[in-house]
Amino acid sequence: MRIADYSVTRAILERHGFTFKKSFGQNFLTDTNILQKIVDTAEIDKKVNVIEIGPGIGALTEFLAESAAEVMAFEIDDRLVPILADTLRDFDNVTVVNQDILKVNLAQYIAEFKNPDLPIKVVANLPYYITTPILMHLIESGIPFSEFVVMMQREVADRISAQPNTKAYGSLSIAVQYYMTAKVAFIVPRKVFVPAPNVDSAILKMVRRERPAVEVQDEKFFFKVSKASFVHRRKTLWNNLTSYFGKSEETKGKLTAALERAELSPSVRGEALSLEEFACLADALKSEGL
């Protein structure tokens with residue numbers, strides 16, 4: 001019997017008198033086939049350390065611990081810590097950290113792995129309400145995670161992995177794909193969770209690039225420009241850029257020169273631009289002193 005078997009999950013919750021907190025976005029997976037598929041997608045073996053976020057009662061953790069060298073699971077809900085101590089008691093390669101992943105010194109914890117030099121993968125069922133902040137925090141942390149295999153709301157997974165000229169493509173696609181390749185591995189129906197969420201989920205596989213997808217003069221500025229270009233999706237690049245940088249004649253002159261330098265039409269929409277075109281645009285705007 002597995003932790004994720006529906007009857008076992010129910011028994012664990014009842015035994016510990018656990019009630020779900022909406023504020024933590026708790027939805028526990030009760031399908032062992034999907035859990036195995038997640039581990040297979042992440043290609044976990046004894047030469048890999050794993051960071052898990054939001055282990056819940058340990059359904060995914062159990063599968064990860066069987067395959068990985070070590071698992072470090074960050075759980076914000078202190079009510080779940082004694083439950084995890086119970087459900088994972090047979091594993092000596094799991095550390096549960098009762099902390100908010102957004103607030104810890106992650107490098108310090110990673111140094112505590114028995115073999116901290118092994119590749120580190122992030123495998124998690126992320127809370128819907130805070131998926132993007134967690135992902136960006138980890139991606140931008142400077143810690144060289146080799147791979148992320150994470151479950152999230154299907155719509156968010158589609159946005160992250162989207163390509164130009166699609167409805168889902170936006171600043172989030174650019175922010176992630178600058179650092180990682182991103183691909184939806186498979187869809188997870190809502191009915192396999194307790195409690196069932198209102199939407200389906202997706203498993204997103206992201207692999208870190210050896211170097212960023214494009215070269216830019218100023219990374220922060222590149223992300224600001226891409227974000228500004230999607231503020232009003234139906235508006236042209238020109239309208240979004242003038243809204244962000246200003247509408248004085250001097251600014252308009254600089255914007256015109258930058259667009260010409262980047263070989264972009266003012267009437268194009270942000271969703272049509274590739275990462276390479278955004279890089280050219282950001283560098284051109286920077287060169288114009290904007």
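Don't overthink the numbers, they just go from 1 along the chain as shown.
Cβ atoms are placed via backbone N, Cα and C, with glycine included.
Sequence-distant neighbours of GLY54 (S-adenosyl-L-methionine binding site) (same chain, 6+ residues apart, CB-CB distance under 8 A): PHE24, GLN26, PHE74, GLU75, ILE76, ALA124, ASN125, LEU126, PRO127. DSSP assigns GLY54 (S-adenosyl-L-methionine binding site) to coil, not to a helix or a strand. Swiss-Prot lists ASN27, LEU29, GLY54, GLU75, ASP100, ASN125 with the feature S-adenosyl-L-methionine binding site.
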| task | Just jot down the residues in the same chain as LEU29 (S-adenosyl-L-methionine binding site), at least 6 apart in sequence, with C-beta under 8 A of its C-beta; none if empty. | result | ALA4, LEU35, GLY56, ALA59, LEU60, ASN125, MET151, VAL188, VAL192, PHE193
| query | Three-state secondary structure of ASN125 (S-adenosyl-L-methionine binding site) from DSSP? | reply | strand
| query | Taking each of the binding-site residues GLU75, ASP100 in turn and counting other Cβ atoms within 10 Å of its Cβ, which one has the fewest? | reply | ASP100
| note | Residues near ASN27 (S-adenosyl-L-methionine binding site) by Cβ (under 8 Å) yet at least 6 apart in sequence within the same chain, in sequence order, are ASN125, TYR128, PHE193, VAL194, PRO195, ALA196, PRO197
